[in-house]
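Marked as domain 'Cytochrome oxidase subunit I profile' by TrEMBL: A:19-472. The transmembrane segment annotation in TrEMBL covers A:20-43, A:63-81, A:93-115, A:142-163, A:170-190, A:202-227, A:239-262, A:268-295, A:307-328, A:348-367, A:388-414, A:434-456.
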Amino acid sequence: MTTLNPHLKFASQAVAKPYFVFAMILFVGQVLFGLIMGLQYVVGDFLFPLIPFNVARMVHTNLLIVWLLFGFMGAAYYLIPEEADRELHSPKLAIILFWVFAAAGVLTILGYLLVPYAGLAKLTGNELLPTMGREFLEQPTITKVGIVVVCLGFLYNVGMTLLKGRKTVISTVMMTGLIGLAVFFLFSFYNPENLARDKYYWWWVVHLWVEGVWELIMGSMLAFVLIKITGVDREVIEKWLYVIIAMALITGIIGTGHHYFYIGAPTIWLWLGSIFSALEPLPFFAMVMFAFSMVNRRRRQHPNKAASLWAIGTTVTAFLGAGVWGFMHTLAPVNYYTHGSQLTAAHGHLAFYGAYAMIVMTMISYAMPRLRGLGEAPDERAQRIEIWGFWLMTLSMVMITLFLTVAGVVQVWLQRMPADGAALSFMNTMDQLALFFWLRLIAGVFFLIGLVCYLLSFRQRGRAVLAAPAAA
Amino acid sequence: MSTSPEALLPNRRLPGDLAMWWFILAEITLFSILILAFAITQRLQPALFAAGRQALDASMGLALTLSLLTSGLLVALAVTRVRQARAGVSALLLAALGSACVYVWLKLSEYAHLLALGLDVEHDTFFTLYWLLTGLHFLHVLLGLVIIAWMAVRAWRGGYHAGNCSGLESGALYWHMVDLVWVLLFPLVYLIGAGP
């Protein structure tokens with residue numbers, strides 16, 4: 001990082017690179033554990049007792065969250081200095097926090113894999129401040145404290161950069177999203193005895209992250225990349241961003257109610273949750289219109305076609321996955337039957353991939369050539385491989401979603417709709433769905449191939465840089 | 001001579017900001033869903049809704065409607081005055097604010113009355129929907145108060161001119177949207193099915 005990179009506006013933006021690289025490594029891990037689970041769905045004792053299903057699931061979901069956090073942090077370290085028009089407050093702190101977060105993440109995952117979960121709780125002193133044992137928030141308390149420390153240092157670093165520099169709408173929205181992310185994570189330390197209350201506040205982390213503050217982060221990253229690749233006026237982009245985040249917050253915050261159906265919360269949530277979350281597709285639809293109209297009004301032909309494809313692709317896939325597939329089972333009378341079925345898994349997969357995995361890959365696709373000193377875009381061949389990766393991953397994820405949706409509908413039909421006594425049991429229903437699970441597994445293998453293509457495209461870029469001095 | 005719609009409408013432009021129109025579209029969508037939910041539930045549980053409506057006073061509903069529509073009229077007159085470059089804009093806006101405050105006062109007294117009777121949001125489906133619909137609308141009225149007050153101050157300082165009043169138009173649009181929603185709510189909540 002000592003050599004000067006002419007393709008970066010500020011040298012300190014280079015700290016984004018290790019964050020992006022590590023995010024991609026964790027992404028590979030996530031997909032591998034997804035495949036293990038996909039096989040365990042149909043071959044129940046696969047890898048038993050080495051990796052039980054519940055452990056694989058925990059690793060799969062935790063890796064997702066952590067790699068997205070690495071991606072968001074990398075994006076912020078790249079985007080905030082450029083928007084603030086000054087060097088990052090402390091690149092050294094960013095690198096130290098990277099190693100702290102990476103080490104904590106790896107140790108936690110190893111803990112999940114090598115120690116029985118109850119043993120891990122005892123080992124990490126969970127009884128002092130019990131926070132473990134809840135879906136997605138399985139991390140040992142000490143890891144949660146570590147995440148808070150890393151977040152505080154990170155917010156201090158980008159916050160100081162922002163305060164001392166130019167304040168734009170994009171960086172302000174991103175900062176608001178990141179602060180919200182840190183604040184709502186604090187509810188992971190609140191673990192009431194009452195199960196209804198526990199679930200009530202658990203959603204303040206899970207829902208208010210993905211259907212609240214993360215949408216601000218996604219919107220600002222999208223706006224940043226669109227300004228860069230289309231050259232459209234900042235004023236136009238900012239106006240869109242305002243409209244999108246206003247709708248996202250209004251629908252998303254009150255839409256939390258769609259998790260409060262039939263769990264002991266007041267009945268008004270049936271109405272609030274149904275109606276407001278029925279409107280949650282709107283901000284995602286606005287993002288689709290935003291991306292397409294900006295690309296149509298572009299003032300320049302950016303050479304990085306792959307990044308443009310990712311930017312448009314993320315809005316469309318997020319609209320389908322988060323918007324349409326979310327709406328499918330968000331109305332209370334529907335959710336009464338579909339809650340926690342394979343339909344939920346279908347929605348979760350396409351929404352997380354479309355909204356968050358793809359926006360991080362959009363940012364990486366845009367920023368990586370510059371971070372690696374290759375220029376605005378990788379060479380033609382690398383882009384072609386990257387675009388292959390885009391289509392393989394996206395179409396595979398659409399197929400995974402469709403197979404899980406069909407499985408979900410059949411599951412609800414067999415297990416949930418019939419009267420007591422006539423309904424199939426859970427395990428018997430799962431047997432009936434085996435065909436769809438096999439098909440889902442095959443689609444998962446294609447997803448992995450797509451991811452390998454995406455990663456290989458970076459290797460091609462490296463070759464291009466070696467070739468450059470020889471040609472000169 | 002051209003007969004295209006653009007040529008037939010000289011100085012064709014959108015009053016207010018496009019973002020406000022987008023916002024209004026979203027708001028109307030939200031209230032439409034709520035109104036539909038109310039209407040459908042009424043169809044499914046007519047007896048419950050008739051009983052719930054007994055607790056409401058239709059003349060109170062009329063007073064609420066009149067106070068809100070008066071306020072809307074005054075804001076519209078203020079916009080016309082700015083477009084005609086005439087004085088007295090901030091006075092009209094202050095009068096609109098006063099009329100809106102009458103609405104707020106009446107609505108709060110109705111809410112207090114219902115709460116005293118124990119008819120809160122969890123009482124039954126009619127009152128869940130009553131509180132949800134009118135409560136959400138009430139929050140919009142409160143936001144409207146802030147907007148009208150802000151516009152009155154700006155008008156007092158001479159911030160609006162005949163050719164430059166997009167902000168005032170946007171505020172007036174918002175306020176008319178609040179009016180429109182109430183005009184639909186009044187018959188739906190207070191009147192329909194109340195007769196013998």
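Just so you know, glycine gets a Cβ as well, placed from its N, Cα and C.
Counting residues 6+ beyond its ends, the transmembrane segment (A:268-295) has Cβ neighbours under 8 Å at 211, 215, 219, 222, 226, 229-230, 232, 236-237, 240, 243-245, 247-248, 250-252, 254-261, 308, 311-312, 315-316, 318-319, 322-324, 326-327, 330-332, 355 in the same chain. For the transmembrane segment (A:307-328), the partner stretch with the most Cβ pairs below 8 Å, chosen from A:63-81, A:93-115, A:348-367, A:434-456, is A:348-367. Outside the transmembrane segment (A:20-43), and at least 6 residues removed from its termini, the chain residues within Cβ reach (under 8 Å) are 51, 53, 56-57, 59-60, 63-64, 66-68, 70-71, 74, 98, 102, 105, 109, 357, 360, 363-364, 367-368, 371, 430, 434, 437-438, 440-441, 444-445, 447-448, 451, 455. The list of residues near the transmembrane segment (A:239-262) in space but at least 6 beyond its ends in sequence, with Cβ under 8 angstroms from a Cβ of it, reads 169-170, 173, 199-200, 203-204, 207-208, 211-212, 215-216, 219-220, 223, 269-270, 272-274, 276-277, 279-280, 282-283, 286-287, 290, 294, 330, 332, 335-336, 339. When pLDDT is averaged over the domain 'Cytochrome oxidase subunit I profile' (A:19-472), the result is 94.
Here the transmembrane segment (A:348-367) has long-range neighbours at 13, 16, 20, 23-24, 27, 64, 67-68, 71-72, 74-75, 78-79, 210, 214-215, 218, 221-222, 224-225, 228-229, 284, 304, 306-307, 310-311, 313-314, 316-322, 325-326, 386, 393-394, 397-398, 400-401, 404, 454, meaning same-chain residues at least 6 beyond its ends whose C-beta is under 8 angstroms from one of its own.
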